[in-house]
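Let me begin by presenting the structure, written as structure tokens, before commenting on it.
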Amino acid sequence: MAAPTMKERQACWGARDEYWKCLDEHMEDASQCRKLRSSFESSCPQQWIKYFDKRRDYLKFKEKFEAGQFQPSKSTANS
Amino acid sequence: MLLRAPSRAWPRLSQLRTGGSQVQCARPRPFSRQRPAEPGGQGQPRGPGLRTRLLVTGLLGAGLGGAWLALRAEKQQRQQQRRTEALRQAAVGQGDFHLLDHHGRARCKADFRGQWVLVYFGFTHCPDICPDELEKLVQVVRRLEAEPGLPAVQPVFITVDPERDDVSAMARYVQDFHPRLLGLTGSAEQVAQVSRSYRVYYSAGPKDEDQDYIVDHSIAIYLLSPDGLFTDYYGRGRSAEQIADSVRRHMATFRSI
């Protein structure tokens, strides 16, 4: 399988950004962003989708952590 | 008389100065009365001494300053030599490599002698970091290209995914970034060897049903001097502007060995 070209990469990143923006606007409620999710999934290789999903989790955690909102004891109790 | 007039003016000045800090508030009267009588006699030999003293101090100061500057320049030069020596023995980028460029030509380290080289390790199926870093690397090269009088910088991309990144995959990939970006690939052993030499870690993740996978790897841009020595490296946090500044500084202080 050939690697995505620059055009394909940009299309994928664009679809990802729109999906992420929707998640931001709807407090991470994925059910509100189904259309954008499917466009994201059709624009990117499957591996990249897995990667970007993990990456978003990480970026959200980082954001929270840097804002000082992260409570370690609470989150370990939840998980 | 002529000699005395300035000598009298001088003790008064000195009295003002010492009096200002120590005595003015505490006991102004007895001091100001005693003082004029006392320096009148001693002031004469001290007066002309001041100018000599100032001159001597000035000369000494200038001498010391000059010596300090000379020492500093020498120290900087020694530091530069020590740095070059340390880089020559550094555990990074030692030994040769044998790879194929994206035209299929064999390339080794000696082929890049006489050129400044910026190297990035990555893979063509990389989702976001490699394209970002390569774009940054290429921006550094463009910035430096735009400045007349600077030596050319060769941008190089070395794959850590030899299984998929063959010569033609590299050729397709590098053309998107810069006309002079050189893609290098090789056998699994050759790639392992060059990565080990530059302390680049990489590990392919599990394959999915499309046989697709992501390679986890360390992210750094390396600067090699025209002598082929590893000279500096830049992590993700450094901007194109910061890297270009650093490369410019290395170029300015570079002396070939």
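Residue 1 is the first one shown; counting continues down the chain.
Backbone N, Cα and C atoms are what each Cβ position is placed from, and that goes for glycine too.
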Checklist outcome for this item: Listed alongside B:Cys126, B:Cys130 for Cu cation in TrEMBL, from B:His217, B:His250, is B:His217
Checklist entry - Which residues does B:Cys130 (Cu cation binding site) neighbour through Cβ under 8 Å, counting only same-chain ones at least six apart? => result B:Tyr120, B:Gly122, B:Phe123, B:Thr124
Next on the checklist: Same chain only, sequence gap of 6 or more: which residues have a CB within under 8 Å of the CB of B:His217 (Cu cation binding site)?
Outcome noted: B:Phe121, B:Gly122, B:Phe123, B:Val160, B:Val200, B:Tyr201, B:Tyr202, B:Ser203
Checklist entry - Taking the centroid of the Cβ atoms of B:Cys126, B:Cys130, B:His217 as the Cu cation site, which other residues of that chain lie with their Cβ within 8 Å of it, listed in sequence order? => result B:Phe121, B:Gly122, B:Phe123, B:Ile129, B:Glu133, B:Val160, B:Val215, B:Ile219
